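Going by Swiss-Prot, these are the annotated features:
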BINDING   137, 138, 139, 140, 141, 142, 143, 144  ATP binding site
COILED    426-517  coiled coil
COMPBIAS  1-16  compositional bias 'Pro residues'
DOMAIN    56-391  domain 'Kinesin motor'
REGION    1-28  region 'Disordered'
REGION    34-53  region 'Disordered'
REGION    676-718  region 'Disordered'
């Protein structure tokens, strides 16, 4: 069978049988160039025409094996020595299609197919040629399998990458056969057996839009990363991403990874049908070579594919649009049209350089199926390939290599050497640049290591300094604490030294006081004797003095005093007489534990008589009932007059008469007051007292009961000015006055003997005499009252007494009164402008004379008490042992100095003195 190319000579007339079959020749075109058929050469890679034209498109057929489920015989046969495909129709006719080569997958695998038809094109790319390998055919014909292969058989893409980067072996024959001059010249034409540096881009054309599959396919990219949409500018995709490198394995893995991102869908025609065109662009910048691998989507019928839905129909329509645009471009070029519609599709726009560039070659692989059901698709594909094979390009006549002169050969070789030298220079330059970068990186790394070493040394230094600073800080704190403790120790030593000096001074003072004690006792005894004698001398003038005092008091009413006197029937013989006991009833002295407590007489109030209670415990033991005698005694007031010349008798009588007129019948009113019932000491008697009056100028004698009179008088010591325990009762006259009580202050622990508390009613005159002479023997009268109340007590103290002595007497009085809760109090200095009370610590340093004067009387003072509310105890630092001892020593010495020791006095001794 003749080749499908037209012949210049007319052929024989057709026979009737030939007229019934499919035409064997491609229809001629009016623009088609007619040239004689030429015999292909061995080792050719698409032979050139004998004249001045060449075929830029080489068409190879790839027939897949028959599907396992398909029935019937194959509809395709290989004819013409493996360069033609015969298609048998259903009616028994056949049609032959002449191609540049045919390969059957049952007889030849992908590796054999690649070595036989593709490797020669790849070797041309390695030396700077440009080649486009596109796979065309209906869906399910094996296009993607031929281009990408499978795990066991790599496709054209991966084999081409390996050959370009790693350098393939010698050439396998061209389309016309193997062997010949081309064998053994492949490596010589390449110049080296070394790998090259390439750049690879992977594009996808889906629904007439170009997408970059390499975008979002990095190691850190997610699987559902969006694809980047690109635009065509200058026959190329703008801003496309490239994979650069010279390692075939690495680039192959990247391409395999992004190839899986293509849009694939299952149809009735193909279980895994590609719904987009895939284009892999591989550039070799060092030699200017370029390889484009195009896996086209298969054209299909919408109804036959079973596509439903708008999106599926749109996909099929866009696929068919691209394939149809490529057919029109091929027909236009083959027909020699002046206008080629490259811009009808994005696919044809990217393939424009492949059709127009004189140095570019196109290898079109037609994939077909031998299934009789796909016969119409197979015929359409073969017609498309036959049409593309008719494309010719007017080019300069190629000079045969065997006819080239030595000069031309040397020129070509020199140009190749220059190119290789330039490439080597670029590689060396790049190597130097990388070496420089490596040196810089090493220097930076070295600097970083030095900085790291410095930082480590600095860190160690800082840690050492920190430890040293911390230790120094600790030492400084220890030194400061030690210094402060030393300073405090020195202060304590100084304080101890001062306290020792004070202690020595106090001990010296104590010795002086002990030496002065006998002298003081002698002085006190002398004063007592003098007063007793004076009281005895004035006993006769007591009655007249009472009247004078009543008149001198003016409008001040007389207070009535009622005292309960218990008489012991067993000791009637031991009652003192009035004359012998008048002085002893006015004073009492007790000594308990070598401590002497002093009491005095008030100047303003003169008690006419005092009655003492007997020892109740002895009475209870004896079982004898006591007889109670009550007597109302009128109390007189004495107004102390300054020492002056006696007044004229006439003037005195006139003044007494005026006073009597002003005072009225207060004495008659006083007689009607009832005597109160017996009460404990300190209780107020609000009821009128029952009183018994005799002669106004006489005092009824009362019975006195004393203790044991047989005691040895030697047991009695010096007697200080005594104080009488009295009870002041209210009356219509005396209720206008503040009650004043003079009491002998007893020790709380050791009560006073009943011998010193007994007296009789006839001693009132002597007491009046003593009251008139108060203040003459160095005694001070102190009247006690609460801050917002009446007078509650009157005391006599030594002139050198202080507030602490007065506090002790008052506390003993409160304790003797039997109060369940002893109320705390403080002293007020009414003359102090601030009104602040005297603190208890300062009472020992405040003398009695600092108290305010009472009614402007000399040696008469008023002590005002303020109740102290109990406050929660506050935490106080305890005294050191030395301070505690010092305070105790100070208090003992002070008490000893103020209260010299005296021996108890016997009543017999007092009788002897009075006699």
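The backbone N, Cα and C atoms fix where each Cβ goes, glycine too.
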Neighbouring C-beta atoms (10 Å sphere around the C-beta of residue 144 (ATP binding site)): 24
Spatial neighbours of residue 142 (ATP binding site) that are distant in sequence (at least 6 apart) but have CB under 8 A: 62, 64, 105, 367, 369
Average model confidence [pLDDT] within the coiled coil (426-517): 91
Neighbourhood of residue 137 (ATP binding site) by C-beta distance under 8 A, where only residues 6 or more apart in the same chain count: 143, 296, 298, 366, 367, 368, 381
C-beta crowding around residue 141 (ATP binding site), within 10 angstroms: 26
Protein Cβ atoms within 10 Å of residue 140 (ATP binding site), excluding its own: 23
Number of Cβ atoms other than its own within 10 Å, given for residue 143 (ATP binding site): 26
C-beta crowding around residue 138 (ATP binding site), within 10 angstroms: 22
Packing count at residue 139 (ATP binding site) (other Cβ atoms within 10 Å of its Cβ): 24
